[in-house]
Amino acid sequence: MSIEINNISKYFGRTQVLSDITLNVFSGEMVALLGPSGSGKTTLLRIIAGLEQQTAGKLSFHGQDVSRMHAKDRQVGFVFQHYALFRHMTVFDNVAFGLTVLPRRRRPNMAAIRRKVMELLEMVQLTHFAERYPSQLSGGQKQRVALARALAVEPQILLLDEPFGALDAQVRMELRRWLRQLHEELKFTSVFVTHDQEEAMEVADRVVVMRQGNIEQVGTPQEVWRYPASRFVMEFLGEVNHFSGEIKGSQLLIGGQHLPLNVTPIHQGNVDVFLRPWDIMMNSQPTLSSPLPVQVTEVSPRGHFWQLSVQPLGWHHESVAVVWFDETSVPTRGNRYFIGGTEARLYAGDKQLQTLSLAQTA
């Protein structure tokens with residue numbers, strides 16, 4: 001079941017929270033709505049569910065206009081962040097609830113309901129918890145019950161509002177993998193809201209990055225990560241180091257140091273320079289592409305790499321994050337090095353300049 005969102009806007013009073021949103025979600029696709037608080041992602045999800053009404057625009061499911069259709073008629077399953085389980089009902093009864101309140105002509109008999117519920121509990125690995133109450137479950141177990149309940153009525157579309165936000169990091173990681181596997185098995189169309197970049201990157205087929213009621217970028221996790229469409233996306237997705245610089249001719253000046261470029265950019269003057277921690281080069285001696293002196297202040301092993309924090313010596317006031325991969329010569333605290341990078345993203349205000357490479361030789 002595909003979802004077509006065409007020019008949807010939403011106002012709460014005089015405040016606009018969605019501005020002319022257009023987005024297509026393909027059948028069987030899992031899409032993440034990713035953005036900071038106030039970006040409009042939950043409002044958009046609730047409009048798809050029928051829990052909010054758009055001010056303008058059209059919403060269609062597989063070509064059928066559902067803009068005015070009641071939520072109960074949309075065949076949409078909704079999973080909330082805080083589970084919304086019935087405390088007085090057992091796990092079995094919570095999962096069965098949606099089936100028991102279907103219109104009589106669509107309602108299965110009790111034997112069919114029991115069979116369906118037990119199949120779902122087996123799928124979410126909670127068969128032995130059927131007679132327990134929500135108060136007897138962990139957070140991760142409650143969320144799996146909520147997901148089974150949403151799937152019980154065989155929705156065409158599954159919507160999830162920060163489904164793992166209330167769980168600790170380890171449980172979130174396990175449930176993300178489990179949800180991805182479940183999606184690949186059942187092939188339902190799904191849209192989920194998150195502010196967790198790692199969650200969006202790991203689970204989604206495509207990521208929709210939102211900001212202040214607008215869509216900044218839509219793409220696969222690899223596309224939005226490698227080719228950010230705006231400065232906001234660049235800064236929002238993952239850790240990035242930010243330096244103030246200036247372009248003079250074919251030189252990039254950072255903290256009084258001259259870094260030669262392989263071209264002479266059209267733009268001259270002040271720029272903001274962005275480098276990801278793993279794009280930073282670090283050498284014991286200064287080079288053309290690594291002329292900036294630093295001192296190592298923190299070394300944190302992370303399995304197959306080391307996360308370093310280095311303090312610039314006289315050219316930048318904030319510490320710089322660096323990822324180090326060479327296990328044969330791991331830096332120690334107090335060591336002095338020189339950093340730079342052959343690839344940097346440069347912005348003049350919000351305008352992205354062409355990605356520039358530092359010259360390797362004079």
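A Cβ is built for glycine as well, from the same backbone N, Cα and C atoms used for every other residue.
Bear in mind that the values here come from a model prediction, so they are computed numbers and not experimental data.
Features reported for this protein in Swiss-Prot:
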DOMAIN    3-237  domain 'ABC transporter'
BINDING   Gly35, Pro36, Ser37, Gly38, Ser39, Gly40, Lys41, Thr42  ATP binding site
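Ser37 (ATP binding site): 7 other CB atoms within 10 A of its CB, across all protein chains. On its own chain, Pro36 (ATP binding site) has His195, Arg211, Phe236 as residues at least 6 apart in sequence with a Cβ closer than 8 Å to its own Cβ.
Annotation for Thr42 (ATP binding site): spatial neighbours Asp161, Glu162, Val193, criterion Cβ-Cβ under 8 Å with sequence separation of six or more. Sequence-distant neighbours of Ser39 (ATP binding site) (same chain, 6+ apart, CB under 8 A from its CB) are Met210, Arg211, Gln212, Gly213. The secondary structure of Thr42 (ATP binding site), as reduced to three states from DSSP, is helical. The record gives Gly35, Pro36, Ser37, Gly38, Ser39, Gly40, Lys41, Thr42 for ATP. Within 8 Å of the mean position of their Cβ atoms, the other Cβ atoms in that chain belong to His195, Met210, Arg211. Long-range C-beta contacts of Lys41 (ATP binding site), restricted to its own chain and to partners at least six residues apart, with a cutoff below 8 Å, comprise Leu33, Leu34, Gly35, Val193, Val208, Met210. Between the binding-site residues Gly38, Gly40, the minimum number of other C-beta atoms within 10 Å of a residue's C-beta occurs at Gly38. According to its DSSP assignment, Gly35 (ATP binding site) is coil. Averaged over the domain 'ABC transporter' (3-237), the predicted model has a pLDDT of 92. All protein chains shown were included, and the count of other CB atoms within 10 Å of the CB of Gly35 (ATP binding site) stands at 26.
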